[in-house]
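**Q** Taken from Swiss-Prot, the feature active site covers D7, E67, D139, and the record attributes it to sequence analysis. Swiss-Prot lists D7, D139 with the feature Mg(2+) 1 binding site. Sequence annotations record features per position, and here Swiss-Prot assigns Mg(2+) 2 binding site to E67.
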Amino acid sequence: MRILGIDPGLRTTGFGVIEKHGNKLAYVASGTIKSDGNSTLPERLKTLYDGISEVSRTYAPDCAAIEKVFVNVNPQSTLLLGQARGAAICGLVGYGLPVFEYTALQLKVAVVGYGRANKAQVQEMVTRLLMLPGQPGSDAADALGVAICHANGSDTLGTLSGLAPDLVRKGMRVRRGRLVG
């Protein structure tokens, strides 16, 4: 399975492509899509949309994973990030890809094993997990991390969805991301 990970941003959007074969992950490509800060917002969003579309055509992924927006201290920044994320999702869906969403916390737990990991720790673990010769930039590393998060979680999600009816009958439910009974 080939997975395209996206770390959305209005100035710089990171992308990372990995392949999953059984339990093994293999690096395919990564990079960034940059928009001109002097352009209008609609032009910047189109640059992002076109870039995501081109990456999708070039690497032909089976699915995409994108980081969810977090609410920032500055509401204007959150709104702009949400618009950039929307443009990225439109580019992915326009290519016909199923899109999966993950929080920064899920990404950090999947890659580093610790939800409060910093960017340097994510970069280091992405480099190790994919056996890269050098560290990718922080945006590309986050995108690769989202792809790794999906690769690691897709088997678990499939298994859990098959078990869901049995667990419900036994009185089990998910609370705060944990299975409780």
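Count begins at 1; order follows the chain as displayed.
Just so you know, glycine gets a Cβ as well, placed from its N, Cα and C.
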**Q** Please report how many Å separate the Cα atom of D139 (active site) from that of E67 (active site), as a whole number.
**A** 11
**Q** Cα-Cα, whole number of Å: E67 (active site) versus D7 (active site)?
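**A** Answer for this pair: 6 Å between alpha carbons.
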**Q** So if I draw a 10 Å sphere around the Cβ of D139 (active site), how many other Cβ atoms end up inside it?
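**A** Excluding its own Cβ, the number within 10 Å is 24.
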**Q** Within 10 angstroms of the C-beta of D7 (active site), what count of other C-beta atoms is obtained when all protein chains are considered?
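**A** Here the count is 26.
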**Q** For D139 (active site), which of the three DSSP-derived states applies: helix, strand, or coil?
**A** helix
